[in-house]
Amino acid sequence: MTETPHNTKKLFIKTYGCQMNVYDSDRMADALAPHGYETTAEIGEADLVLLNTCHIREKASEKVFSELGRLKILREARRANGKDMKIGVAGCVAQAEGEEIIARSPVVDLVFGPQAYHRLPDLIVKSESGQVVDTDFPQEDKFEHLPAARKEVTIKRGLTAFLTVQEGCDKFCSFCVVPYTRGAEVSRPVAQVIAEARGLVEAGVKEITLLGQNVNAYHGLDQNGRSVGLGELAFLLAKIPGLERLRYTTSHPRDMDDALIAAHRDLPLLMPYLHLPVQSGSDPILKAMNRRHTAAEYLTLIERIKAARPDMALSGDFIVGFPGETEVDFEATLAMVREVGYASAFSFKYSLRPGTPGAELADQVPEEIKAERLARLQELINAQMAAFNRSCVGRTLPVLIERPGRNAGQVGGRSPYLQAVHLEGSGDLIGHILPVEITGVGKNSIEGKLSRDTQRKSASLVESRVA
Ligand code: SAH
Ligand code: SF4
Ligand code: F3S
């Protein structure tokens, strides 16, 4: 084994929850890199372990405490060898529970919320003289203080990248903790987003997914102080040479405005795959959830989106067993799913979250009914996903080739609809978007082959590189 220089320290970050946490974990690593921290995939060799946590459902939250139990043992083992391990809890559980975490699990050295990430190097220094908790919502723009990734780090992270453009949520759906853990909606200025996107593309990124808890509520300011929506932002990003694909997630139906729908009509780089959660197909439940739209309005919206972009594939999120949900309400959800026909969807049993309005409601649905409804819903969704994958067989789809495949002589990539695609081909194809004829479906992926024409062209592409 090679000796680590004494001034470099090893960092291990474990990420739970949504893509915004994935993005944040990278930014924390970037913030710590200038202070001598190098990421490791081996938790046992870490001088600093950060858990980037999720509070969305009880199960997600509770995972953190079992992980802290394991870390305590790992730390003891390191201490027995004359080394140490600092332990930090970041993310949404940190924001929601603050001091409580240390009370429950004294092994923790620092607790800090998503708004404190730019202060992380200072917090670590502070934690030398006692446990630290930082869950303030500061006024300053943390993104201005967070360093960008070094180019070689971005290259290592791959051909696709996340870019958070908006954070927080003002919607207050009655089941959801996000408005409390992430705070009020804030949009990053347009110039900052474009600069970050350019940096990613210059490092070889081909596909960017714009992120926000409520990404289509984006309203960043441009240099003239004018408010720019997500649709207009997509048009601006489309001008970046070398950026080939653009996605965004997660959207709220109420914020799908005309400009964004026009972007789907006019911008080929905006991928025809939209995650547009509806949660329920029943109007009384949608009202109780404070979603502020009806089932019919959601369906009309989807019609408008499909009129603009006929090949649009949809994805969604559903909650079963929200307080007061009857069998009739649940059947309305099944009917909604049948009507829309999702390419993919996520479904969850309602989880009571203390502090949210849903927690106060009478008529909590018994666990076994939730489980039974979830199973029925998932059966329908799985059938739709399989049908969507099968419907791609025989079509030729542009695939961004991203990585070597599982077996030698294979590569893997993504279709416009975010399906994992496997095909025969050499590693030289990585980084290219190529037409792939879909020939079959796997369990969670589809399979295809390059057209003869492309095979010939890619051979000359390889030759020209060798020459
Ligand atoms: N901002 C996104 C969702 C963020 S949370 C949006 O508005 O769609 C991701 C998903 O978790 C939600 O869409 C919802 O389906 C689910 N979820 C949120 N709170 C939940 C709870 N208390 N119980 C079960 N599922 C929940
Ligand atoms: Fe939560 Fe609703 Fe906001 Fe989504 S829109 S983050 S579900 S409160
Ligand atoms: Fe979880 Fe926070 Fe994301 S609660 S889903 S990590 S915003």
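Yeah, the Cβs are placed from backbone N, Cα and C, and that goes for glycine too.
Summary of the site annotation: TrEMBL records [4Fe-4S] cluster 1 binding at CYS18, CYS92. Screening the candidates CYS54, CYS169 against this entry identifies CYS54 as the one listed for that site. Checking the binding-site residues CYS18, CYS54, CYS92, CYS169, CYS176 against ligand 2, the ones with a C-beta less than 6 Å from an atom of that molecule are CYS169, CYS176. Between the CA atoms of CYS18 ([4Fe-4S] cluster 1 binding site) and CYS169 ([4Fe-4S] cluster 2 binding site) there is a gap of 14 Å, rounded to the nearest whole number.
What surrounds the [4Fe-4S] cluster 1 site, by Cβ distance within 8 Å of the Cβ centroid and not counting CYS18, CYS54, CYS92, is the set TYR16, GLY17, MET20, ASN21, THR53, HIS55, ILE56, ALA60, GLY91, VAL178, THR181 from the same chain.
For CYS92 ([4Fe-4S] cluster 1 binding site) paired with CYS169 ([4Fe-4S] cluster 2 binding site), the C-alpha to C-alpha distance reads 13 Å. You'll find the Cα of CYS173 ([4Fe-4S] cluster 2 binding site) roughly 17 Å from the Cα of CYS54 ([4Fe-4S] cluster 1 binding site).
Residue pair CYS169 ([4Fe-4S] cluster 2 binding site) / CYS54 ([4Fe-4S] cluster 1 binding site) shows a Cα separation of 15 Å. Checked against ligand 1, the binding-site residues CYS54, CYS92, CYS176 give CYS176 as the ones with a Cβ under 6 Å from it, listed in sequence order.
Comparing the binding-site residues CYS18, CYS54, CYS92, CYS169, CYS173 on other C-beta atoms within 10 angstroms of each C-beta gives the minimum for CYS18.
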